[in-house]
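Here the structure comes first, spelled out in structure tokens, and everything after it is commentary.
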């Protein structure tokens, strides 16, 4: 097992090899010291937000193959000065050295004076400014960027400081020196708010008729950022599009927010309530007068009830706008608002109840509160895991290091293009695909279990199996073979394999494989009348089967296609116990990988051995570490007496011809039908141009990965099925887009472009056809 260790600044990354999942953190620190030359006591290791502490293993932190651990180097503490050095330093200061530095320290204020000057800014009342007391204005909020109706209650200006000269230029007050005290009409409970002059303007009150609206005009309109079809706040809007049909009027604009940011191409729903912005000094603002009633608020009677559950019915209990426990509205002074979910809770409804309001500024309800006992602080040990305590490895008395096997490292990716119970080929995995380890076969979805030979369910059938020669009764003839069922072996103590010790039974995986036979299940065995009508089984051959079969690969694992169960029966095996035997025959249109046609196809598709990410780099580092002691022995006096050591090879070495010799890859060519379909898909012409460049540079598998990446649905994060190409040239699954429309969201999931939901969505048939050819059966389970 190997992992990546990267410094916190990201400038240096190294691979650490020869690890196990049972490697202690303190042992990992020693290996990191060899690579980074950092002492263990100066290392701070972080993985997934946790600081790794000594005493734990990589398995405790769930560190997997090729994962990255971050290294933060502690600063080494400076040692205290010796008595002699301290005396010499004191004598230097006494003799006058460093006097200039000490004097400058005495005279320096380090910016404290500037901070005090800002705190001493004095404001005084004034009658200056564009807007006076009691005038009705619009005030822009610093959070939303929306404009709210308010009234000026006080105007202040910045007073002159003692340092400023009392000249005509200094006395002249700019608008930036004016601060307005306002109170909001809609939110009187907020009290008085102090705002700058640039966020205040005369209240908008003139409605612009539809026929007077023009593109490029800046107006004030109502818009809801979260729910575009509902009433929201008032924003400045620059009109970008105007359209009128026989039955509807459509107005689109760019919503202006804070700091010059904006929301583009948003549809304005309330086209009859577009207001003209009152520019300064053009018209006098409205002034509060006893003889005139105050102006009507813009949202009065239009926004509807604030609570959509109880419709603001005071006599109806509600758990949304009232107490979340009892739903009562009484005693509002004894209600607490959660700072996370904004729900209200009575003090006496909590468990346990509270006698008074807590003095803390923030309070969280029991559902939102984080249990501090479950939080692992920096420097603390991990909490005990109940799940890991029940594992066989935790209760075993064996001292064997089981963490070095590739079957224990865990999957880094998972096949999601088809469900786990998928019968038949995996889309995008042709016959002849090779992997070095079983965990890679699991990641591809061809055979998901890491160790088990059969993948299936006793009530559904078997989906795949691995022919690895684990049973002496197996007979492999290439296009057909006799397979031995599972079970009958004592695997207690976390064993991987053992000898036959009891009879096998037609249960679990054995029954699942029997269900693939086209005949009723029978406890005594059965034979299919038409074996081709049976359920397909994906077959993977492992290199360990080479001791019994000439069809096994020389290295790793190889996918050999689809087989069908012809018959199954029980018999006494070579071990003397009852075993279940299965006869499987090949039923695949793709050629066998051991034939000449299969080898030509493998070469045409560019199928080569696939290694885990970082495996070859880790192997190269291992080779270098082996060569170093070998050179030391050759240079020593006893080098001539050393014998030849034989080591078992675990993979391709740098000096082996298998690693150095590169086979010539033939570029994959699309069929004439596929090329015509790509030309017909004009909406995705740019995407196809980028994808087709990979045909010249890499093998068939790279081309398929590029297609997956280019045509991935942004909603379900899978390859698009029944794709809909939008006007903005994004591809979304039809089911995902229909689900979005049912939720009243009519914008593109990728770019928020407003989509036309009045007409039915149409599937891009050319794109769907070519995806079905490249990934046959990928729509299974969708």
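The backbone N, Cα and C atoms fix where each Cβ goes, glycine too.
Listed ranges 467-470, 471-474, 475-478; the one Swiss-Prot annotates as region 'Required for formation of a 5-methylcytosine-binding pocket' is 471-474. When the ranges 483-486, 487-490, 491-494, 495-498 are checked against Swiss-Prot, the one recorded as region 'Required for formation of a 5-methylcytosine-binding pocket' is 483-486. Record note: among 323-327, 328-332, 333-337, 338-342, 338-342 is the stretch given as region 'Histone H3R2me0 binding' by Swiss-Prot. Swiss-Prot records phosphoserine for one of 161, 169, 372, 444, namely 161. Of the candidate recorded positions, 76, 519, 550, the one lying closest to residue 759 (phosphoserine) when CA atoms are compared is 519. Put simply, of the recorded positions 76, 390, 550, the one whose Cα is nearest the Cα of residue 519 (phosphoserine) is 550. A mean pLDDT of 91 is what the model gives for the zinc finger (713-752). Here the C-alpha separation of residue 76 (phosphoserine) and residue 390 (SUMO2 cross-link) works out to 42 Å. A gap of 42 Å separates the Cα atoms of residue 390 (SUMO2 cross-link) and residue 550 (SUMO2 cross-link). Cβ neighbour counts within 10 Å, taken over all protein chains shown, single out 519 as the most crowded of the modified residues 76, 519, 759. Residues of the domain 'Ubiquitin-like' (1-78) grouped by DSSP class, helix first, strand second and coil last, total 15 helix, 24 strand, 39 coil.
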